[in-house]
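Undergrad: I am attaching a structure below and will ask some questions about it afterwards.
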């Protein structure tokens, strides 16, 4: 009898190094949120975020693996290579954040007052959360563009950096809304406008790459991305100068943390986080600009 499954199933989706990495991602992800849900426990915004990360990454990884194993991804009107590369980078960033946050807020060495069993479950969940980050990072390493290779844009250094830039911008926005007093000066409002503009355009670039619609644009997408990246560098340079001056100069703000400032509700702390990640994103955009001039865009892979 002639086999009906061979031509329709892609066994490389689960036997290749990338496929094995995805199987491990599903295993570690399911184990992590199962341990937390069963006995480890979670609470407040930090715990909810961690559970969202683990369940979201697990669901999308199952979807990607299923589509590649059954070839269903060929029926989707998206650039599959760009989509998987973008998700792998995003999952790496989200999983490392959860792997740091969960043990920081929920793991303790003593059994009191949560009990030894709950403590052990939380420690085990933290270990698997760390392993989950490692296997997502391994996928990024395996699927990244090699020198001289023509590949999907999101698999290049420039494409991966776009995901990191958007993620860092989200951290900045989180600090801004946490009582950062950014509306106090027009100059700091300008900085918020810079963060918002660059974030939106970066997300649009990623969206066009993932959907594979870059060829439909009436202007050269690759050249526009390079020009935008150069503009983003200039904008972030201005924010990197303006924000510290109007937050930490003694004339406008405070060079030191106020002594009576409550922990977790101190505007100075939020302003410091914004300043640090402003410089991080500036560095990312500078590196992006250097790499974006040496790549070849491919939207249909």
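All positions are counted from 1 along the displayed chain.
Even glycines carry a Cβ here, placed using N, Cα and C.
I grabbed these lines from TrEMBL:
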- 13-148: domain 'MARVEL' (DOMAIN)
- 20-37: transmembrane segment (TRANSMEM)
- 44-65: transmembrane segment (TRANSMEM)
- 85-109: transmembrane segment (TRANSMEM)
- 121-141: transmembrane segment (TRANSMEM)
- 153-178: transmembrane segment (TRANSMEM)
- 153-297: domain 'MARVEL' (DOMAIN)
- 190-210: transmembrane segment (TRANSMEM)
- 225-248: transmembrane segment (TRANSMEM)
- 272-291: transmembrane segment (TRANSMEM)
Undergrad: Compute the average pLDDT of the predicted model within the domain 'MARVEL' (13-148).
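TA: In the predicted model, the domain 'MARVEL' (13-148) has a mean pLDDT of 94.
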Undergrad: Can you name the far-off residues of the same chain, 6+ from the ends of the transmembrane segment (85-109), with a Cβ under 8 Å from a Cβ of it?
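TA: Here the qualifying positions are 25, 36, 40-42, 44, 46-47, 49-50, 53-54, 56-57, 60-61, 64, 119, 122-123, 125-126, 129-130, 132-133, 136-137, 139-140, 143-144, 152, 154-155, 159-160, 163-164, 167, 206, 209-210.
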Undergrad: Under 8 angstroms for C-beta pairs, at least 3 of them, ignoring pairs fewer than 6 apart in sequence. Is the transmembrane segment (272-291) in contact with the transmembrane segment (121-141) by that rule?
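TA: Not in contact, no.
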